[in-house]
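Have a look at the structure below before the remarks.
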């Protein structure tokens, strides 16, 4: 094999290894984060909602600690309902991977009419949650809690 071919092969392998180490993040979560920022006018970073109470973040169990945590529980339940829809029950079409069309105008969120049934349902789950987050008080004491003892 020629040295130039080996260099190209090595470069491809290195780039593939680098891409494999990037953690996958469902695309819909980016949209949901943007909706949250729209609804709360950027007053609180989205990451503050990722590990809040018993339901905000991955998973969820127990009794919500406050109104904001109830918003997350309702959002989780909404995604659960989306997964039951025939339009949303095939691979990569569920709530975490299905992107949708929406608009943000001065804090007002609108799910666009061009979304199919699954996308419209998921968009409405995210829209409702983002509005709920914006209205609910944020208690710093409920961020990054020990869910094993408090939930």
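Using N, Cα and C of the backbone, Cβ positions are placed for all residues, glycine too.
Among the candidates 66, 76, the residue that Swiss-Prot annotates alongside 55, 57, 59 as binding Ca(2+) is 76. Residue 123 (disulfide bond) has 75 as its nearest neighbour among the recorded positions 55, 57, 59, 75, 76, going by CA to CA distance. The distance from the Cα of residue 75 (active site) to the Cα of residue 132 (disulfide bond) comes to 10 Å.
The two recorded residues, residue 126 (active site) and residue 57 (Ca(2+) binding site), show a Cα separation of 14 Å. Here the candidates are the recorded positions 38, 76, 78, 151, and by Cα distance the one nearest residue 56 (disulfide bond) turns out to be 76.
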